[in-house]
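Below is one structure, written out as structure tokens, with a few remarks after it.
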Amino acid sequence: MEIILGVVMFTLIVLVLSGLILAARSKLVNAGDVVIEINNEADKQIRTPAGDKLLNTLSSNGIFVSSACGGGGSCGQCRVTVKEGGGDILPTELSHITKRDAKAGCRLACQVAVKQNMKIELPEEIFGVKKWECEVISNDNKATFIKELKLRIPEGEVVPFRAGGYIQIECPPHKVAYADFDVPDEYRSDWDKFNLFRYVSEVKEPTLRAYSMANYPEEKGIIMLNVRIATPPPKVPDAPPGIMSSYIWSLKPGDKVTISGPFGEFFAKETDAEMVFIGGGAGMAPMRSHIFDQLKRLHSTRKISFWYGARSLREMFYDEEFEQLARDNPNFTFHVALSDPLPEDNWTGHTGFIHNVLYENYLRDHPAPEDCEFYMCGPPVMNAAVIKMLKDLGVEDENILLDDFGG
């Protein structure tokens, strides 16, 4: 009798616990459809299955929120305002969102789980973002580790971007061998030196990454990007190579690529202040877009200078275009500094790091550097050095504009 009673009690306990688990699950995960109200506008309302992240849910419904890191929670770009239904803010969001913004409902769409009916607010410009399937026109080396990817927009379509803007590229699952990359002979010695052709990029999940445009709005029908290959750091040689850069470097003319955009916030101020552009590496992209836009589309009369740092002449590109701009526009000057010129360069120009060259040859004797606008994009070390120099010169934050994508 005691055995039977024990079995009955055990069964009852299991049933009660199962019921509690199911009840809790029903509270935590909505298995049916939920409704997401956007900007209190009925025509923007979304009905969708619960369970995915808000970023993916919006994308699946044709609303593309910027996410430079592809939804990993590291870039902080996918900010939205959640009025109801988002739950508590997560620790992964707190490094990107201030307490004041969090109190106002600011969240990262890639971290918010869609579990229940929600009310959110999105900037109106997001609804102008579209997706296109483009064709690769060319994908040529411009420097040892930088390719210029040129894409053709579908006929009849326009990407309405502003200079300094960016697009997102979709990276499909792939297996890419670096040995199959098309690297011209003039650049192969460094690739062999660092044994880079041994790497293989294998990706099983699709992802997104953001890249700034190198073309300016008047160069219609194309998207032009500068993409640096992201190899493992020397101290961690067995780490996987960059997902997106490996994919982009493998592309060949005729291949199809899906992009979305335009996005952006690294835009030129509409003032008469002097503009000083500072770039390095693949940070060339937004510099070219901005400077070409100012001089060729807007015909700006503002005083403009461009200071670009490279290792050697082999790493220089677009320099002939900028030299021509300088000849055609007396208000524009172009300056190059090589940090490690090769003997065959026969270089007689500036040498050293670009922030030092800019200071020693221009800003040190500038009557009012605090009145200039500084636009920069380059490797993180360069950006940090330039910002420190500008702060020491008394330049306010509002006049220091940084694009974090191009380094």
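Every residue gets a Cβ built from N, Cα and C, even glycine.
Annotated features, as they stand in Swiss-Prot:
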{"type": "TRANSMEM", "residues": "3-23", "note": "transmembrane segment"}
{"type": "DOMAIN", "residues": "32-126", "note": "domain '2Fe-2S ferredoxin-type'"}
{"type": "BINDING", "residues": "CYS69, CYS75, CYS78, CYS110", "note": "[2Fe-2S] cluster binding site"}
{"type": "DOMAIN", "residues": "129-269", "note": "domain 'FAD-binding FR-type'"}
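Everything Swiss-Prot records as a feature, shown here on the structure.
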residue : record                        : CB count, 10 Å
CYS69   : [2Fe-2S] cluster binding site : 16
CYS75   : [2Fe-2S] cluster binding site : 19
CYS78   : [2Fe-2S] cluster binding site : 23
CYS110  : [2Fe-2S] cluster binding site : 24
Three-state composition of the domain 'FAD-binding FR-type' (129-269), taking helix and strand from DSSP: 22 helix, 57 strand, 62 coil
[2Fe-2S] cluster site shell beyond CYS69, CYS75, CYS78, CYS110, criterion: Cβ within 8 Å of Cβ centroid: LEU55, SER66, SER67, ALA68, GLY70, GLY71, GLY72, GLY73, SER74, GLY76, GLN77, LEU108, ALA109
Three-class DSSP secondary structure - CYS78 ([2Fe-2S] cluster binding site): coil
